[in-house]
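Asker: One structure, pasted below without further comment.
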Amino acid sequence: MELTGLTRAAAAATVTPPAPRRGWGELRFAPLLPGERHGRRKVVVAAISEEVPRLAASPSSGIKGGGAGERRPAPEKVALRAALTVRRKQKEDIKEAVAGHLDALWDMVGRNVVLELISTKIHPRTKKPMQSGRVSIKDWCQKRGAKGDHVVYTAEFTVDADFGEPGAIAVANRHNREFFLESIVVEGGGLPCGPVHFACNSWVQSTRELPTKRVFFSNKPYLPSETPPGLRELREKELKDLRGDGTGVRKLSDRIYDYATYNDLGNPDKGKEFIRPILGGEKIPYPRRCRTGRPPTDTNMLAESRVEKPHPIYVPRDEAFEELKQGAFSSGRLRAVLHTLIPSLIASISAETHNFQGFHHIDNLYKEGLRLKLGLQEHLFQKIPLVQKIQESSEGMLRYDTPSILSKDKFAWLRDDEFARQAVAGINPVNIERLQVFPPVSKLDPAIYGPPESSITETHIAGHLNGLTVQQAMDEAKLFIVDYHDAYLPFLDRINAIDGRKAYATRTIFFLTEAGTLKPIAIELSLPPAKPGEPRPSKVLTPPYDATSNWLWMLAKAHVSSNDAGVHQLVNHWLRTHATMEPFILAAHRHMSAMHPIFKLLHPHMRYTLEINALARQSLINADGVIESCFTPGPVSGEISAAYYRNHWRFDLEGLPSDLIRRGVAVEDATQPHGVRLLIEDYPYANDGLLLWSAIRSWVESYVQLYYPDAGTVQCDLELQGWYHESIHVGHGDLRHAPWWPPLSTPVDLASILTTLVWLASAQHAALNFGQYPLGGYVPNRPPLIRRLLPDLERDAAEYAAFLADPHRFFLNAMPGVLEATKFMAVVDTLSTHSPDEEYLGEGRDEGGVPWTADEAAVAAHGMFAADVRRAEETIERRNADHGRKNRCGAGVLPYELLAPSSPPGVTCRGVPNSISI
């Protein structure tokens, strides 16, 4: 019977707690250590239901109750009520529906969901945590048919009056299948602290799958040294469970976080061409990824066997996409399949060439769709049942959306000023550097790669410097460079040996004009020396002066853009955000309790990252995956990424101000709002990025100060120190001896490290990801793959003659073919899409309707952060309307919105999610 329906007389009766059932087990806890505190700040509370009565002692207890003026004794028992919010699947297949009905039936006969409250206190006599009796949640069977995505169930506890504050709740799911528990709220008249909130957001497995109970802690944060005595051992046990023992094959229902090398990108059992080196270890240093424990391949004991689509790859259960995200990603994946399937079928049944025959054929991808543009005969098309089905059911999916790069000026991509603008306001604005040494110099071994000096001379660029000498232009910070020479040169022989792939190692020099815009003034295209130590074959091209030089200049810019696309995807996007963040996420779950205040800070910035990285290993960066098949580097893609990690990646320089200073595009200046002065004043990525960087830094510093008043509290926090130590020594273990790792000794150190991590997960990733289709979906603007070197009369006279006869066709034949282009477009369209459940920077952090923390001061600090983010967005909007900022405002010029924090769902070319979620 419902407690809320009790009469006064019944409410005065003694309530006997239910006797423990066999098999529930006993929780043992360490006693309170002398001098330890339980908490310092006010808490956020919110009632969830009608008042729950306190149950008084019975008359037989000998306690007298009384009339007017008599002091009423404290009751022996109090009633507490829990409300559990369970999220249902929006779409259930027949099997799941049947399982749901079976669970409802099992619930009626006692195989139900059982709860137990655990107090923050220990019992003075037993020295064990105070616990409630076990109770079952109500109405599971009756609410099976309830409408809505969320269902609220209730449970009622009776506890001793001195039970204290519930600090944890244990859940045993005795149904046959898992359920997603969003939150629990416990309230009652006997709680001096008010309602207690538990933000769960977790899958609770059946005890058949996982015999142990799940434990959830309240939203009140505690440093390890301040953990209430009733929760100490439980806190340690939960972390031990999450770490696992490093053995065994992981099941999809597991919650274990552990490390492994990238030894699953290749598939040697499939053939020699699918062998890939292991990334991670002394030979090829690399960050670690989440361990799955799969058995080795048959032909290489060091390589892990693969899980191929559509089978899921392991991530800890709560890291998997939630249903809204999964639905959006599946929809995007479906679109990718459709876009890729059609060209594949056409390639197999048509005798026609599959180069684009003209720019209008590329345009038709957005107008008429794949089927119509290729002129495939109708009767032949109808002979393929699957295609006919697609035609009938998904006609709209056969047509690509028009990329933003074409929306305001269809021919902008042809101009030099747009080519240069994208170096500071495009999808990869993080490689431009100030030129400080002329000619540019390579850092590669000259005994192998020849003399280090660039082939670009002052003669090449003197006429483009507005009367300045090269030295004067460098002194005035007028010369900048995008240098991919060393990133590509060691791999070019292997790349160029692949049929249909050709690349140079490129350098591009830009001049900063009086208008504040850049213009390209020289492009160097280098190939490896024929023999070690010999001079490199190089071409230097400058702005064109006639028809032939104009086409050669266009081809040179295409090679630069292709280099840029590869470095963007392999280094800046994948390595510097996705891969390098994963060890910090793994270590956070392994070493910091859910009640740790720093875990609470980082939690929204870790959402979905392990899942998207696992999907990348399965389909994107694997042997013959999307990256290898669509980008020029092909099979050496992983090695290019690893070379940057070994030679250039430094965590201490990954924060925005440090990165800008490292590249020479900014100098320290305490008089400036963000502490740096930009040498390219109209640098949209840096301008907007500094707004968000400063907002993040202020928020993190305020939050850290709430919990760490001095260096001692940082140094004595064993969970915090364990997280950072393992992130370096295991997760980034190949670079653990590097001298540049920041210390973690003071609150300032901690705030700096956390600011960098939040920046990388949110703004930096957004700037590099969500413009991929809007800015790269028109392949001639940023060809991911090039199939021809520049024509050379001495190397191939016939090819040069063909170029002169039809330069338009030569250019298009150098671009990706129809299959490569459409496959690439489909993938980056998916990667550029915001899901409906995206959580954006500065938005509310409450989880399932439950406050993310019970600390009012932390909530207030986050409110100030949200206001800072809103102001940043308003500033970005004003900048995009400022005609003085020519890199983001003007005739046909796209606004720079990649760091505008908010966004609707879909491909929007804006929006800063909290985490690396796609």
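Backbone N, Cα and C define each Cβ position, glycine as well.
Sharing the features that Swiss-Prot gives for it:
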REGION    56-76  region 'Disordered'
DOMAIN    90-218  domain 'PLAT'
DOMAIN    221-918  domain 'Lipoxygenase'
BINDING   HIS573, HIS578, HIS765, ASN769, ILE918  Fe cation binding site
Asker: Under a three-state reading of DSSP, tell me whether ILE918 (Fe cation binding site) is helix, strand or coil.
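Answerer: DSSP call for ILE918 (Fe cation binding site): coil, neither helix nor strand.
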Asker: Which of HIS573, HIS578, HIS765 (the binding-site residues) has the most other Cβ atoms within 10 Å?
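Answerer: Compared across HIS573, HIS578, HIS765, the most Cβ atoms within 10 Å surround HIS765.
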Asker: Need the DSSP three-state call for HIS573 (Fe cation binding site) to compare against my parser.
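Answerer: Its secondary structure by DSSP: helix.
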Asker: So, in DSSP terms, is HIS578 (Fe cation binding site) helix, strand, or coil?
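Answerer: Note: HIS578 (Fe cation binding site) is helical by DSSP.
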Asker: Compute the average pLDDT of the predicted model within the domain 'Lipoxygenase' (221-918).
Answerer: 91
